[in-house]
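Over in TrEMBL, the protein carries these features:
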TRANSMEM  28-51  transmembrane segment
TRANSMEM  71-95  transmembrane segment
TRANSMEM  116-134  transmembrane segment
TRANSMEM  154-171  transmembrane segment
TRANSMEM  183-202  transmembrane segment
TRANSMEM  214-237  transmembrane segment
Amino acid sequence: MSKLLCATNRNSDLPLANTMPSLIQLRILGHTAALAMHLVNSAVMFGQMMGDIVKRDKEVRTMVSLQGQYLTVWNIGFQMFYSSLALGCDLLTVMKKDNMLPKFVIKFRSKFFETIVFPGTVLIFLLFWPIYLYDRSLIFPEFIDRIFSQKSNLVMHLGILPVVLWELVLLPRTTPKSHKLNIKILTAYYTAYNIVLLYTYAQRGLWPYPLFGLIYGTIYFPLFLINLFFLTLLAYYSQWPVNSFLWESKKLNVKEQ
């Protein structure tokens, strides 16, 4: 199981023990910036959704009613939750009160990042931009510009990536000996989202993304979902070579000295 160094590193054989305070401070900066970015953007977007255009524009009104079905919205919520949790965890460490942290909180923080936040964010980035640049009407139609600015679009689909990369680089972890539990959690997340999609279509006949409306009822729909799952797995596994290069090799070097 991955070990999250939320508490103060007291073991001399752990990577870069003497630099941990600076790493924690950088993580705190990242958590604060992520929360500020999402809170400001969310406030702006909610303000725009309260405007008259929602009442006047049927397309915009339908899109707003589907907010809970957008994977991007799920991801932003998860990033905000994780940033809040990690900020509290790291602040307690800096104040030398990390003994107040229950072990399950430390383990949960690690699991939540590596199974939900990181792969979900990378998936959205890898999926959204190629489709958007090819034909934005398939995933982010132009009518959305009537209510949300391009700045909000960049925050939701581009600004999310530096958040997880910052944490990946600055958060010492060890690679799990077995990925079975993590894959089960990731699969449950993916399945839950697809259930919400299908339930919404069954109840309302609507898809949050126009692409689904074009391929539903054809062989391409299940193929797309299967390929999407494998892309999610790829996003999950991509974090571990980076983590090993940054942390586990340094840990080994310290032991050999």
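Any Cβ shown, glycine's included, is placed from N, Cα and C.
Keep in mind it's a predicted model, so treat the numbers as computed, not measured.
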Restricting to the same chain and to residues at least six past its boundaries, which positions have a Cβ under 8 Å from a Cβ of the transmembrane segment (71-95)? 6-8, 21, 24-25, 27-28, 31-32, 34-35, 38-39, 42, 101, 105-106, 108-109, 112-113, 116-117, 120-121, 123-124, 128, 156-157, 160, 163-164, 167, 193
Surrounding residues of the transmembrane segment (154-171) on its own chain - C-beta under 8 Å, 6+ positions past either end: 4-5, 23, 26-27, 30, 34, 37-38, 41, 72, 75-76, 79, 83, 86, 113, 117-118, 121-122, 124-125, 128-129, 132, 239, 242-243, 246
